[in-house]
Amino acid sequence: MSSLTMTYTRRNLAETIRTPTMFLTVALVPVGVMVFFVVPFIGQDAAAITSATATLVVFGVLMACVAHFSVAIAAQRESVWGHYLRTLPGGIAPQMFGYLLVGLAVVAAAIVPILLVAGVFTAASAPPSRVLLAAGALLIAVVTFTLLGLAMGYLMSMRAAAIANSIGFLPLAVAGGMFFDQADTPEIIEQIAPFVPTRGATDLVLVALTGEPVGPLSLVMLAVWITIFAGLTVWGHRRDQVRRFA
Amino acid sequence: MTVLARALDVTRRYHDTTALDGVSLDIPAGQVVGLLGPNGAGKSTLINVMTGLLRPSSGSVELCGGDPRSESTRRVIGVTPQETGLPETWRVTELVDFVAAHFPDPVDRAELLDRFDLTALADRQAGGLSGGQQRRVAVALAFVGRPRLVFLDEPTTGLDVDARRALWDGIRSFHADGGAVLLTSHYIEEVEALADRVVVMDHGRIIADGSVAEIRGRVRLKRVTLTDPMLPALSGVASIERDADRTHLLTNDATALVRELVTSGASFTDIEIESASLEDAFLAITGDRRTG
């Protein structure tokens with residue numbers, strides 16, 4: 001890894017920590033939901049808490065990726081500093097790798113507390129091989145939501161991205177059935193959830209973790225969403241380059 | 001003489017407006033070029049095209065013989081960010097180190113801070129600096145990579161006199177070491193103090209290009225204002241403008257004009273002579289002054 005990439009990573013990380021609103025929200029909200037709304041009710045039901053933990057981890061990844069990448073990209077496009085960076089030698093790659101590495105750090109900040117709470121205070125458990133498999137599945141969730149965040153960053157102004165961040169992920173999570181027990185999920189959510197990317201990501205991680213089968217529809221839709229988000233990111237990036245630098 | 005930057009017949013359009021219209025400009029090594037022009041003349045667009053941020057609609061741009069959009073040619077130029085855009089939480093030293101990381105042989109940080117009188121501010125966050133201090137930091141960043149050519153877009157607008165002198169000293173010492181500068185400014189005295197050569201732009205075209213002495217001769221106008229309903233025909237007047245009963249004459253030689261007025265027996269009253277504004281000078285050069 002080039003030293004310039006490390007420079008961008010260090011600076012971006014320092015900035016994230018010095019203006020910590022986003023960072024703290026991402027690090028505290030998912031684990032807060034877990035501690036107050038999940039652990040007291042199903043903390044000692046091993047199967048239920050294991051699935052709930054996996055779901056919350058995916059929720060944490062969603063929040064972290066969307067918040068970090070949408071704002072980072074929108075700010076880079078809109079700020080005069082981002083414009084100035086274009087005049088420096090070194091190219092755009094170190095900057096993008098820097099965003100990616102810091103994004104992974106934000107993801108870690110979101111999910112590590114959840115895993116700690118689950119491991120220390122609850123009956124959640126899974127064999128190591130399953131955990132490893134689930135980690136691989138989670139990587140796909142990271143890719144999905146990173147692409148969503150990037151697409152938002154390229155297609156939205158910084159204001160719009162900030163607003164979308166504070167309200168946008170909730171409907172995504174609810175529509176994907178993340179906050180419902182399988183037993184009492186409302187009919188309407190049952191109908192739409194398989195078409196929502198959060199459901200596909202959650203299902204993938206759950207299959208990997210528990211081995212219980214899920215319907216293929218949500219997984220197929222996840223692949224479709226990844227393609228759509230990737231397409232939007234590439235299109236938004238090109239449009240942005242043409243608008244600002246053509 | 002080595003040409004560091006060359007624009008050849010560059011035209012740049014935005015939608016339906018033409019920001020640059022057939023501009024050709026060479027910047028040789030070691031020369032300080034002052035770029036003057038009213039707002040909207042195309043100065044910033046020219047700089048953006050020459051630094052590779054924008055593509056010309058037609059024509060070509062070379063930086064040290066290469067494409068300004070390629071990475072290697074960017075090592076030899078220095079550009080100033082707009083000071084309002086410095087990341088607020090970064091310290092001055094962090095800004096300098098960050099920019100330095102992009103270049104193979106950057107200037108020593110302490111030396112740079114000293115040159116731009118920033119040593120006392122080294123540990124302050126950019127967001128906490130005054131506007132003038134931020135601007136000095138922004139200008140200093142252009143020099144971090146030991147560039148051969150620096151683009152400075154209005155480096156001293158809004159600075160107090162001391163800060164402006166400090167910046168001028170920084171630019172002069174760079175020039176003394178053989179560096180070239182393309183400088184835009186609203187202050188003609190700044191261009192006079194720093195530049196070897198002056199280029200005047202208006203409406204996307206270069207309308208004058210010469211040594212400071214040549215251009216100064218053309219823009220060192222006086223504005224002679226008087227009341228006279230029946231003005232005789234006068235020679236040596238660059239433009240005439242009337243508002244109500246007052247008449248404004250722009251001239252390069254106020255003394256000769258007054259002598260001419262007196263000998264012609266004109267019945268003028270309330271005569272005032274003042275230095276013409278820079279805008280007056282530009283408009284006189286373009287011959288674009290409205291009359292009547």
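Count begins at 1; order follows the chain as displayed.
Every residue, even glycine, has its Cβ placed from backbone N, Cα and C.
Please treat TrEMBL annotations as automatic predictions, because they have not gone through curation.
Taken from TrEMBL, the feature domain 'ABC-2 type transporter transmembrane' applies to A:5-207.
Here TrEMBL flags A:21-42 (among others) as transmembrane segment.
Sequence annotations record features per position, and here TrEMBL assigns transmembrane segment to A:48-75 (among others).
Tertiary proximity for the transmembrane segment (A:96-121) is limited to same-chain residues at least six positions away from its ends with a CB under 8 Å from its CB atoms, namely 1, 5, 7-9, 11-13, 16, 22-23, 26-28, 30-31, 34-35, 39, 43, 49-50, 53, 56-57, 60-61, 63-65, 67-69, 72-73, 138, 142, 146, 149. Residues annotated as transmembrane segment in TrEMBL: A:96-121 (among others).
The transmembrane segment annotation in TrEMBL covers A:133-155 (among others). Sequence-distant neighbours of the transmembrane segment (A:133-155) (same chain, 6+ residues past either end, Cβ-Cβ under 8 Å): 54, 57-58, 61-62, 64-74, 76-77, 100, 103-104, 107, 111, 126, 161, 164, 197, 200-201, 204-205, 207-209, 222, 225-226, 229-230, 232-233, 236-237, 239-240.
For A:162-180 (among others), the entry in TrEMBL reads transmembrane segment.
Annotation comment: TrEMBL describes A:214-235 (among others) as transmembrane segment.
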Contact set, same chain, for the transmembrane segment (A:21-42): CB under 8 Å, 6 or more residues outside the stretch: 48-49, 52-53, 56-57, 59-60, 63-64, 67-68, 71, 106, 109-111, 113-114, 117-118, 121-122, 165
Long-range Cβ neighbours of the transmembrane segment (A:214-235) (under 8 Å; 6 or more residues past either end): 140, 143-144, 147-148, 150-151, 154-155, 193-197, 199-201, 203-204, 206-207
